[in-house]
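Chemist: Below, the features straight out of TrEMBL:
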type	residues	note
TRANSMEM	6-28	transmembrane segment
TRANSMEM	40-58	transmembrane segment
TRANSMEM	70-93	transmembrane segment
TRANSMEM	102-120	transmembrane segment
TRANSMEM	132-152	transmembrane segment
TRANSMEM	164-186	transmembrane segment
TRANSMEM	192-213	transmembrane segment
Amino acid sequence: MFPDIRFIVGIIGSVACMLLYAAPILTFKRVIKKASIEEFSCIPYILALFSCLTYSWYGFPVVSYGWENLTVCSISLLGVLFEGTFISIYVWFAPRGKKKQVMLMASLILAVFCMTVFFSSFSIHNHHIRKVFVGSVGLVSSVSMYGSPLVAMKQVIRTKSVEFMPFYLSLFTLFTSLTWMAYGVIGRDPFIATPNCIGSIMGILQLVVYCIYSKCKEAPKVLHDIEQVNVVKIPTSHVDTKGHNP
C-alpha cells in the first residue's frame, strides 16, 4: 500500500514542480521584452540546475533500486530543461562581465556533476554506497538551492519591496517542498525528505516576510552603491531562485 501512496504523492509533487519550474517564464518574458537582466541574479538558477542534474541521476536504476524514484528522475530531467533554458536566456542578455561569471559557475557545477556520475559509476561498486554517495551530493546541492531565498528575503527587507519575491512563487515553493518531504518520509529516503524539510521551512519564512512587507507602501530604496558598480540585485522567490527539487 505504501508504494502506491508514495507514487501518487510523487505524481502530485511532479505536477507542483512543473508549475514551479514554469513560474520564471514570466520573469524571463520580461527580460526578453526589455533586453535586460535588470535586477535579477542567475545564481539561484545555477544552483537549481545542479540540484536537478544530481537528482535526475539519483533517480536512475544505476543509483536507486530499480525505478523506485521514477517520478524524481522524470521531473528532475524536466527541471534541467527549464533551468538550462533560463540560464541561456540570462547569458544572452547579460553584460559581458556577468556572462563570464555565469558561464564559469555553470561550467563548475557541470564539472562537479560529471565527476559525480563518473565516480559513482566506475569507482563505487556497492549499490547502497553508490546511492548514499549520490544522495549526499544531491542533499548538499538542494540545501544550497533552498538557501538562496535567504538572499532574496534580505533584499526584500532592505528595499521594503516584495516585487522580486511574488506571493504565488513562495506559496508554490512551500507546497512543493511539503509534497516531496512526504514522498521522502513515506519511502524512508533521507536524501529526499531532509532537503525538502529545509525547503518547507524556507517557504514558510518567505510567506512571513511577504506578509510583513507587502503592507509597506513606501517606494523601494535606491541602492546607490549597487547601481554605481552596475551589479544586478537578487531575484524573485525560490522558484525564480529555482527550485524545486524533489
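First residue shown is number 1, and so on along the chain.
The backbone N, Cα and C atoms fix where each Cβ goes, glycine too.
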Chemist: If you count Cβ pairs under 8 Å, which stretch among 6-28, 40-58, 70-93, 164-186, 192-213 touches the transmembrane segment (132-152) the most?
Modeler: 40-58
Chemist: Cβ pairs under 8 Å with the transmembrane segment (40-58): which stretch of 6-28, 70-93, 102-120, 164-186, 192-213 has the most?
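Modeler: Of the candidates 6-28, 70-93, 102-120, 164-186, 192-213, 70-93 scores highest.
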Chemist: Would you say the transmembrane segment (102-120) and the transmembrane segment (164-186) are in contact under the rule of three or more C-beta pairs closer than 8 Å, pairs 6 or more apart in sequence?
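Modeler: In this chain the transmembrane segment (164-186) does not contact the transmembrane segment (102-120) - fewer than 3 Cβ pairs sit under 8 Å.
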